[in-house]
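J.: According to TrEMBL, the protein carries these features:
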type	residues	note
SIGNAL	1-20	signal peptide
DOMAIN	25-144	domain 'Bulb-type lectin'
TRANSMEM	435-457	transmembrane segment
DOMAIN	496-777	domain 'Protein kinase'
BINDING	Lys525	ATP binding site
Amino acid sequence: MATPTLCFLLLVLFVSGAGAQQIKYSNISLGSSLSPATYSSWPSPSGIYAFGFYQLGQGYEVGVFLSGIQQRTIVWTAHRDDPPVPENTTLLLTTDGRLVLNSADGGETSIADPIESAFSASVTDSGNFLLRNPSGDIIWESFNNPTDTLLPGQRLSAGQELFSSISATNPSTGIFRLKMQHDGNLIQYPVQTPDTAPYSYFTSWTDGRGDNVSLNFDQDGHLYLLNTTGFNIRNITTGGYPLEDSLYRFTIGSDGLLRLYSYDLKQNNSWSVRWSSTNDKCDPKGLCGFNGFCDLDNQEAECRCLPGFDLVQRGNWTAGCGRNFTADDCKSEQDGIITGNYVMESVDSMQWEDDPYSVLELANKEACEKACLEDCNCEAALFTAGKCSKQRLPLRYGRIASNGPTSALIKVGAPSTDENGPTPREKTKEVRMDILIVSMLLACFGIILLALSGIIIHRNRLWEYRRIRSKVENCGFGELMAPRCFTLAELKTVTDNFKEELGRGAFGTVYKGMIWGSDKVVAVKRLDKYLAEGEKEFRTEVEVIGRTHHRNLVRLLGYCVDGPHRLLVYEYMSNGSLAGVLFSREKQPPPWNERMGIAQDIARGIHYLHEECESQIIHCDIKPQNILMDKGAKISDFGLAKLMGPDQTKTFTGIRGTRGYVAPEWHQKQPITAKADVYSFGVMLLEIICCRKNVDWNLPEKEAILEEWARDCFENGEVQKLVGDEVVDKRELESAVKIGLWCIVDDPTLRPSVKKVLLMLEGSLDVPIPLPLQPFL
């Protein structure tokens, strides 16, 4: 241990605000490679730091870590939101100067994106991984791409952010962020919130102190803010900690707190906290999710649900809490007195930070309870010092605080009682039970009648069926209406040897063709890669897809299994894709009513795939390029996620779908449900509303990412900006935008089902206000 320690103490580290630096580094030449099974990392000269593979669960991640100490610590991770890679993956600095991950099936993922080809790589004793050009200039470095940690010599420049990890054992992006703002302020927020004061919970109070302020980190643990002139405008930590035999790191924890850690190389045991942004572990906003609140128990944060609420997702407090009762009619009239099926429950010393929609001057808590019970919009209230602040759900950033006599009043379902006969709710249940019994009897009678009819029809058609079946080509199907089996030679003739290319998608290339002896035009998709599954499994999946019939789905007409070749034959759509309709510069996009009709068509098609097929089909790649236009909109490529192997998608991360449309749960290693398609539909719905792509860097920065701009416009009451000069009814526009924002909620359990989306688009279901978000329960 003495040799690494000595080398580490000889480092000359970067001092923020100074010019060039001289740091010892190891040289890694072109053609070098790493593998988890063999040589897994490249060390720095002292061996303190290393760059390469580290194990995470059953897989491996690529990053920078402290390897020369007993407690190995990860300080940087590449592609932190991607799933871990398997043991047979190779990290390669290619001979043409690219740093890539190569998977066993030939997939390739770039680790760095320098502006020019690299000539060499190196790991410094400061923990920085570098790529250099032939002149020795740095063209890429991990220090400029921080994750959740800063090291001495590293700076956080204006506009850059640190994002917390999900947990100590999961490096994926968590729920807190630290941003060095362009106004000079260093501020913490929950993720996916605007950079505005109501969402912040830690600030340096240095706004207006100059442009291009940066957070700097010296070797002695000194963290401070410098402006462009090199003037220290604020110390975050005092510094002056021991230099000898010590390591330091600055991290935003998964609990949202900032901490400066030190490690004593002589003791070589564990990290110690030298400084923390606060001792109040309930301070980070969003720790306990919507309708939850934080309470300190022996200085440790404990999350709990409000009365009448339960945890939405077990073990995940960031998902928040949802009602554990069914909300009945808001109120009824009995004996001229307005009452309801609700009571108010109280939690003392509670506070939350959403703005109330109404504030009343009332004498006592009982009056505040009565005011909320008689108001259909009121779902909770805060009573303090004679003021009753009425709130709607969801409630954000709740916590127990000892700084005032505040009472939180929560509206919950009233308990049932037998004192005066059945309650209205019980009467409703009795009526519903009668209806249920009658319905079941009618259903049983109908089933018997259908069974008898089926037996008669079956006997009459059995002989005809056997005759027809004997004439069907031997393609492995026994149904006349199943997709036709083509040979590769036949499809070469149909497409004139794959002459006219219509486009390329996530799964292959599409060619135009014509069935001989008729004028029927078809689209032939040639799947790019050999399938992992066998011929029988492929035929089975094609049969499932072939049995899907809906006017908003492109029909599968045939297929080909010829050696390693797999091809699919679809009906041809002459009007191109929705992407061409929306994003074309040569022609005007469709008017508003037509665009909303297109959105409803797509929702109907997805609803059929999710809920009306024999087996549920999750599309996994909903996007405008996969929506083809005929008299209406039709979804293509459905079911191909079932046909393709798990690594044979457009990206090389194991995630199915197209960047920009992929739901967050793909990155978070969560089970994928039909709600992933709802997320993709939400992104596309915003594109349909605005007639622009979801990411367009040619627009001003605040408008470049569509979902963020749409959310800002909605919050500021400026939704008309989304459609420019187009005349659209404001209520219809707001409703469509709210539906889109609901669909792209990060938590899949909070997204509406596609059935509810369709009902909202049709106007049959009211659209609740999406910001702040509240769950569809």
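Cβ coordinates come from backbone N, Cα and C, glycine included.
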J.: Taking only the residues in the domain 'Protein kinase' (496-777), give me the average pLDDT of this model.
T.: 81
J.: Would you identify the secondary structure of the residue listed as 'ATP binding site' according to DSSP, in three states?
T.: strand
J.: Would you mind splitting the domain 'Bulb-type lectin' (25-144) into helix, strand and coil residue counts from DSSP?
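T.: DSSP composition of the domain 'Bulb-type lectin' (25-144): 3 helix, 54 strand, 63 coil.
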